[in-house]
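Q: Below is a structure I'd like to ask you about.
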Amino acid sequence: MSYHKELAAAKKAASLAARLCQNVQKALLQSDVQSKTDKTPVTVADYGSQALVSFVLQQELRAEFSLVAEEDSKDLRKDGAQEIVERITKLVNYSLTSDGSYNVTLSTEDVLKAIDSGRSEGGSQGQHWVLDPIDGTKGFLRGDQYAIALALLDGGKVVLGVLACPNLPLTSLKDAGQHSPNNEVGCLFFAEVGGGTYMQPLDGSSAVKVQVSAVENPEEASFFESYEAAHSMHDLTSLIAQKLGVKAPPVRIDSQAKYGALSRGDGAIYLRFPHKGYREKIWDHAAGCIVVTGMDQFHSIIGFLSKC
Ligand SMILES: Nc1ncnc2c1ncn2[C@@H]1O[C@H](COP(=O)(O)O)[C@@H](OP(=O)(O)O)[C@H]1O
Ligand SMILES: [Mg+2]
Ligand SMILES: [Mg+2]
Ligand SMILES: [Mg+2]
């Protein structure tokens, strides 16, 4: 089965959402950042990105669809949230219309409903979209890496994935690292089951096929891990790397940008071990997983792991 139409819609949605996030990151206001009940941060860009992706999928696919996504409108419907909802609505309308993609004006209620269309429970039957509207919100707030991560599940398997990484350099992190001022940034990774993985600049120029690292000797390999020690046990990863014989220091990056960088061979190993008791969410891995395993790359990864 081919998912070309779904992939085109997902790329359009993630690219527009990336532009919304870039606009917010340029001029982030203190009032744009809220704290959720689990004490993790959420911003107008997380909500805006979710509303926008949900709207674009609905417009492009014109069919009933199920979306499992990170955010919901509960806090936005509380007293005192009207101003922030209006700011989100303005951001969404601007991002949808400024380059002529759509000719619409969504109301605040349209935006809240679009956010809440991400409340599906998912499941192993039928098709479900999986969205992290901003993965790496802490990285986004720091001006570092973050990703818009969108995947499609069919019968419980990930069949396509798109990762927009607005701050990831177009060239390998091996060459200039994450923060060189000469870096041109903004990558869109995408993969469809059986079709390999591609990367293109977020400005829309042409895509190139990417491959995971061919390094087989752990002494020559480098590894990616979460920037936040609260999200992954840095002590444990350091121990594992030591046992494997890895010599390079860890490359710490927020979000599924790690999977993007891994898919094009910037490093060879991904290590992320949450602390005891943390329950993983599917939107934190679905898109990144297919971008790295994009079928024809799968065997080289298995090959590498079996040698470790
Ligand atoms: N205590 C914790 N342990 C592990 N992961 C956590 C965590 N608290 C938050 N996260 C998740 O880690 C994600 C970021 O991943 P990474 O550590 O690879 O950058 C966050 O995604 P969001 O930013 O979308 O909320 C969040 O879902
Ligand atoms: Mg979050
Ligand atoms: Mg996330
Ligand atoms: Mg998120």
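Placement of Cβ uses the backbone N, Cα and C atoms for every residue, glycine included.
Not my notes, these are from TrEMBL:
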- GLU70, ASP132, ILE134, ASP135, ASP284: Mg(2+) binding site (BINDING)
Q: Quick one: give me the count of other CB atoms within 10 A of the CB of GLU70 (Mg(2+) binding site).
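A: Other Cβ atoms within 10 Å of GLU70 (Mg(2+) binding site): 23.
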Q: I'd like the number of other C-beta atoms within 10 A of the C-beta of ASP135 (Mg(2+) binding site), please.
A: 29
Q: Count the other Cβ atoms sitting within 10 Å of the Cβ of ASP284 (Mg(2+) binding site), across every protein chain shown.
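A: The answer is 20.
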Q: Near ASP132 (Mg(2+) binding site), which residues of its chain come within a Cβ-Cβ distance under 8 Å, counting only those 6 or more away in sequence?
A: ALA69, GLU70, ALA147, ILE148, ALA149, LEU150, GLN256, LYS281, TRP283, ASP284, ALA287
Q: List the same-chain residues at least 6 positions away in sequence whose Cβ sits under 8 Å from the Cβ of ILE134 (Mg(2+) binding site), in sequence order, or say none.
A: CYS21, THR43, ALA45, ASP46, SER49, PHE140, TYR146, ALA147, ILE148
Q: Determine, from DSSP, whether ASP132 (Mg(2+) binding site) sits in helix, strand or coil.
A: strand
Q: Can you tell me the three-state DSSP label for ASP284 (Mg(2+) binding site)?
A: helix
